[in-house]
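Peer 1: Quick one: the structure is below, and I'll ask about it shortly.
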Amino acid sequence: MFKSSHLPLEHADKKSWASGGASSSSPMEYPTPLNFYEKPPMFDVKLEQFEQSALDRLRILAEIESCSARGRPWDETKRIVSTLCQKHLRLSSNTAGGDLGIMDTQKEDERRKDHLSHFVLRLAFCRTEDLRQRFITAESTLFRCRFEEATPAERTLLYESRDFKWVKVDDVEKKSLEANLRATLTGFKNIAEQNDAWDRDAFYKVQWSQVPQLVEHRRVFLKKGWAYVPARQQSAIVFREFEVHLRQALNMTNRAMPQMDEDTRLTPIIDHLSQGFLAGVASDWQYEEGDDTTKLRAEQVDEYAKKHWPLCMRSIHDQLKKDHHVKHYGRLYYTLFLKGMKLDINEAIAFWKKSFQGGKVTEDKFNKEYRYNIRHTYGQEGKRANYQAKTCVALLTGDAEYGCPYRFLAPESLQTRLQISYADQGLQSSDIHEILNNKKGSHFNIACTRVFEITHAKYVKKGEGLGQSETVTHPNLYAERSIEFETKKEGPTKVTSKQEDDDLEGIIMQVD
Amino acid sequence: MASDAMDIDGSSPEALRAFYNRLYPFPSIYKWLNQNDQAPSRLFTHREFAFTLPGDIYLRYQSFKDEKEFKAQVLRHVPTRFEIGPQYTFRPRDKKTAKPGTFNPLARELVFDIDMTDYDPIRTCCTDAGICKRCWGFIAAAVHVLEDSIRDQYGYEHLLWVYSGRRGIHLWISDWGAMELSDELRKAIVGWLTVVLPGKDSGKKVNVRSHSKSLPPSIGAVIGHLAEVFDELILETQDVFASTEGYEALLALIPDAALVHTLRSKWVADPSRPSTDKWQDLRQLVKNHKQKALLKSAMEDIVLQYTYPRLDAEVSKHRNHLLKAPFCVHPKTNRICVPVDPKTVDDFDPDEVPTVGQLLLELNNAGKDSAAEDEWKKTSLAPYVEMLEAHTAAIIESKRAIKQEKNGMSW
Ligand SMILES: [Zn+2]
């Protein structure tokens with residue numbers, strides 16, 4: 001295992017790393033939870049932390065993209081992001097004090113994790129224009145959520161922490177431009193409210209190019225290249241500056257990347273992270289040892305497949321029934337999936353043996369080859385690793401024949417497959433168009449989520465996904481939720497235990 | 001004169017070649033694009049030119065190392081017209097050797113294009129390609145509004161207006177702040193200046209009062225001027241509401257059914273009632289109406305819909321958009337795309353713009369006694385070239401001043 005290492009997060013400034021390792025931090029290292037990410041993290045990091053913090057942040061960014069692809073209104077997006085942040089990337093307010101049990105050291109840790117994860121993902125997303133743009137959009141949304149949740153005092157601290165190049169309009173000038181400036185104070189119920197705002201609020205002058213959004217929609221007064229921004233729109237300057245700064249930083253990181261490739265420990269992690277983001281999902285499902293009552297038996301698989309499996313697993317299952325055989329990746333994906341559905345090793349061997357009957361695989365061949373592979377997959381042979389079921393990311397970037405059908409099937413084939421699989425669960429031909437559109441926009445996980453909504457219309461409304469607006473990120477999560485809804489269990493099972501890494505395809509690196 | 005003019009066919013390739021060879025002001029265009037009268041800078045050498053050749057052949061990504069090569073290549077190809085694009089990261093002619101993703105536009109004049117066809121739903125005198133003194137009023141109104149808005153609101157100073165040779169006008173802004181605008185920022189300016197939503201369909205196309213009832217200050221600043229334009233151009237010159245179609249389009253913009261009914265009854269009974277009187281009818285009814293404020297806003301919006309500049313947004317939004325060079329010849333009219341002085345734009349008459357044939361004739365009549373350089377001085381092209389020269393001198397002077405200020409500050 002790696003002990004610890006300085007990670008070269010800001011290559012343009014190598015010296016800062018040489019002098020890094022300033023692990024003792026003053027309480028003022030992060031005076032506010034709002035971070036403009038201008039300085040790279042300067043503390044020691046364990047490789048596991050490096051990856052885990054980035055994965056946690058990735059979950060949130062992926063959910064932000066999903067919200068945007070589904071056209072969720074801002075308030076809803078904010079609520080979802082905020083809930084998810086509580087879980088994966090909590091960032092407590094300065095005022096969340098001792099009463100709530102949030103100590104300063106804990107806040108400091110949260111802010112460090114936020115800081116670190118942002119810089120790790122910069123490495124992963126600086127490499128193509130498409131990735132850069134998506135990262136900027138998602139990060140800006142996250143920043144905006146946090147900014148809106150921040151207290152006025154925290155915002156003031158941010159304003160004072162850097163030069164936003166704004167000039168407060170003095171009273172004389174404000175008075176002299178009254179008619180023009182007042183016209184930009186809009187949205188009040190009555191004139192008294194507007195008068196009140198006029199008396200109370202300041203205006204800030206910036207170069208018009210700092211607030212293109214406000215200019216485009218004529219929300220400001222312009223004079224000789226200066227935009228007069230009402231205090232209530234001041235955040236627009238901050239958001240814009242955040243984006244501009246992040247774009248410059250990503251370009252710089254991208255130029256410095258070749259030097260970074262020397263550190264071979266990081267490359268696979270970074271590749272893995274950007275793959276996950278490309279696929280639009282970050283997995284949020286983990287295997288949990290079940291008690292006997294939740295275990296799946298071989299003879300139930302057929303029924304469950306029809307009622308609960310997502311299209312990827314349903315397709316493998318159907319092919320297996322029809323041909324009494326599936327190829328390597330089909331077996332691998334489905335064995336791991338069924339294991340995740342708590343089909344234990346003996347049941348699995350029974351299931352596969354039965355499924356192969358009638359096909360070309362003789363019992364002798366099955367016992368010699370396939371039995372071993374199943375046992376291996378269950379960690380009973382070879383290096384005895386406890387392999388995880390494949391995530392949507394793995395299936396999206398995996399085998400074209402057995403991976404995500406929303407991605408790999410041609411639109412016509414997908415349409416047919418959907419109709420065959422789900423027509424008796426409420427999927428109508430009028431739904432197909434929307435799903436194919438999601439596919440066209442590369443929102444494969446949203447297509448899958450939509451199918452879940454349609455086939456579980458009794459339990460979830462459109463937009464609610466797997467419940468609580470969650471998007472499909474893992475085939476097992478899909479199936480579990482489906483089963484839960486049917487057995488009317490309250491709420492999804494929370495999962496905590498972390499299993500050993502999946503190294504069947506070397507997606508997550510193993511370090512010795 | 002008339003019989004002499006017959007001797008020169010302005011549309012022939014020979015005439016075009018002679019025009020490029022003897023009259024086209026290459027030095028002036030070079031200096032203007034180069035923003036410097038000295039050695040060629042990247043603003044010139046990395047600049048894209050695109051030639052249109054007879055038979056719809058389009059040569060993109062041409063670039064020249066200096067003024068001499070520029071002229072030589074134009075004479076070699078004799079394009080029916082040529083267009084100017086941005087300064088790129090590499091010489092456009094080396095585009096093929098650039099690594100993928102590295103050939104990008106860097107700087108470019110901020111340009112606007114106003115075309116008469118966007119006013120087809122309103123104007124009554126001409127359609128399609130036609131333009132006359134009467135409909136030039138729309139262009140003149142647009143020039144005034146953009147001049148005021150851009151100078152006052154954005155603070156740009158170096159604006160060059162160029163007649164497009166037929167039915168429109170182009171604006172080139174050469175201030176450095178404008179040259180280096182990203183596409184995103186260009187889009188923001190276009191949004192700011194877009195008041196009339198594009199489209200051929202009728203109905204309300206103005207929506208500028210988002211939350212408040214009053215006009216945004218930028219539009220409030222020009223509404224007074226546009227109300228005058230409306231009276232003269234829309235009501236008198238164009239008499240837009242004379243036809244049934246014309247006044248129905250007006251009625252469709254009035255948000256009060258009873259009032260619309262009253263007006264329609266009156267106008268149906270007297271269809272030939274002039275537009276001025278019809279507008280007066282509306283004004284009278286609004287004066288004592290209980291919804292006076294709402295209707296006054298609607299009337300302001302009508303003024304905007306009929307007179308505010310209609311921009312071709314796509315031209316302005318992208319740095320790499322090509323725009324026809326000044327002093328090119330319009331292939332249909334044979335008129336030169338000459339600069340236009342915004343101060344006298346109201347008096348500009350498209351029919352008085354010199355044609356190739358006319359200029360060559362003037363040159364022939366002037367005789368061969370004088371020097372071969374700057375032959376345009378002997379023709380009616382002279383005032384137009386001088387306009388560009390003065391414009392370029394101002395750009396160079398202002399660059400020099402900025403440089404001096406910077407040096408001064410570093411002392
Ligand atoms: Zn006309």
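Cβ coordinates are placed from backbone N, Cα and C, and glycine is handled just like the others.
Remember, predicted model here, so these are calculated numbers, not experimental data.
Summarising the annotation, TrEMBL assigns [4Fe-4S] cluster binding site to A:Cys312, A:Cys392, A:Cys404, A:Cys448. For A:303-478, the entry in TrEMBL reads domain 'DNA primase large subunit C-terminal'. What TrEMBL lists as region 'Disordered' is A:1-25.
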Peer 1: Hey, for the [4Fe-4S] cluster site built from A:Cys312, A:Cys392, A:Cys404, A:Cys448, who else sits with CB inside 8 A of the CB center?
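Peer 2: The answer, listed by sequence position, is A:Pro310, A:Leu311, A:Leu395, A:Leu396, A:Gly403, A:Pro405, A:Tyr406, A:Arg407, A:Phe444, A:Asn445, A:Val472, A:Pro475.
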Peer 1: Which is it, of A:Cys312, A:Cys392, A:Cys404, A:Cys448: the one of these binding-site residues whose Cβ has the most other Cβ atoms within 10 Å?
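Peer 2: Most Cβ neighbours within 10 Å: A:Cys392.
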Peer 1: Restricting attention to the domain 'DNA primase large subunit C-terminal' (A:303-478), give the mean pLDDT.
Peer 2: 88
Peer 1: Going by DSSP, is A:Cys404 ([4Fe-4S] cluster binding site) part of a helix, a strand, or coil?
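Peer 2: For A:Cys404 ([4Fe-4S] cluster binding site) - judged by DSSP and reduced to three states - the answer is coil.
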